[in-house]
Amino acid sequence: ISLQMMKHAWDNYKRYAWGLNELKPISKQGHSSNLFGNIQGATIVDALDTLYIMEMKEEFKEAKEWVEQNLDFNVNAEISVFEVNIRFVGGLLSAYYLSGEEIFRKKAVELGEKLLPAFNTPTGIPWALLNIKSGIGRNWPWASGGSSILAEFGTLHLEFIHLSHLSGNPVFAEKVMNIRKVLNRLDKPEGLYPNYLNPSSGQWGQHHVSIGGLGDSFYEYLLKAWLMSGKTDEEGRKMYYDAVQAIETHLIRKSSGGLTYIAEWKGGLLEHKMGHLTCFAGGMFALGADGAPSDKTGRHIELGAEIARTCHESYDRTSLKLGPEAFRFDGGVEAIATRQNEKYYILRPEVIETYMYMWRLTHDPKYRQWGWEAVEALEKYCRVDGGYSGIRDVYSSRQSHDDVQQSFFLSETLKYLYLLFSEDDLLPFEHWVFNTEAHPLPILDKDDENKEETQK
């Protein structure tokens, strides 16, 4: 079914928005997010590996031809370094590793080079926004005192290690290893990493901590850096397990109804809310269980299962059986969004991502059952004539669509659904690590590097 869903999403994108970033499935026209500046084709690049994995060969070929002829990075516009890295660089890298087509390697390295000026700061902590023509960077005006954001500069590692690997140019790896040096030198409040870091002073901004937006993929990339290195990156491993220890102590709580959740920390005070984005953490804890200190393996799997259950409840407690953007645990409310501006669902993948990891790591059939419930809800409420649309209020039976088919719906949501219902030997975890946009990157064995040395 996820194959048919992909076909519906792709065919309509092709029909109404080809070459543009995203599709507006109700107005049947293109949608352009300012995250990508004037770079075009986000949906195409994000979907390449999904098309390949689902064996949609004709579509993959068209997408590849578009990349060859039309993917252009010489645009005078400001882009989000983080979004362009995870969607474009990540998408091109995966397409290359899966298909072996040289064009993808070439474009990935070319784009990587365009992102390097973002690191021209006093500390080497990159700017959030970069004009890729002028090379001038700046930070989001709303971020604490001109700070860079943990999840943004902490989510470059996997892609940049691969850029060095594929280009033979060590500069990419050096840039991301330096970010770690800066973080390791700093004092962490209670062992936690605040979401804001000033790239000029090298000091933390506000002491906000979140495993959801602004923090999320930083933690994911510590674990995955270690896995991707063939478990040789000891620094990444230690940073990850120390962080999880602090998270368990300070942020993980149980509601009176017995639901485990991850709260947000604001200068020492807990806010008892959890975002949809935070739901990825169930899969992360389970994926990291195997490498955890020996007495903790069971606890990490259990944490993964508990987060998966809480996130399933956030879906189950809505009218449409799709989860809200954020949900709360206070004043007798559990796993429910209480604010209008948190009730939307934009086709996000994190809950299905966690089901996929939990399924592969435990083979408990309930995860496929829960995934199937999500498929039914997506088909019933998000599928429209012109593709798939997000929803403004998951508690309301009066449907209101937001009219955007996000590129990550094709990259992540549909890919994780496909993997949830596939055999474990499709992109097995012992050979592949998924970037935070679900782009699979191969594990770099130490043997690979020795082989390369001898080939030189």
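Heads up, the Cβ atoms here are built off N, Cα and C, so glycines get one too.
Of the listed cysteines Cys279, Cys382, TrEMBL assigns the disulfide bond with Cys311 to Cys279. Only Glu350, from the recorded positions Glu83, Glu350, Thr436, place their Cα within 10 Å of the Cα belonging to Cys279 (disulfide bond). Rounded to a whole number, the distance between the Cα atoms of Cys311 (disulfide bond) and Thr436 (Ca(2+) binding site) is 18 Å. Packing around Glu325 (active site, proton donor) is summarised by its Cβ count: 20 other Cβ atoms lie within 10 angstroms of its Cβ, all protein chains included. Other Cβ atoms within 10 Å of the Cβ of Cys311 (disulfide bond) number 28 in total over all chains. Here the candidates are the active-site residues Asp216, Glu325, Glu350, and by Cα distance the one nearest Glu83 (active site, proton donor) turns out to be Asp216.
Scoring each of the active-site residues (Glu83, Asp216) by how many neighbouring Cβ atoms lie within 10 Å, the top position goes to Asp216.
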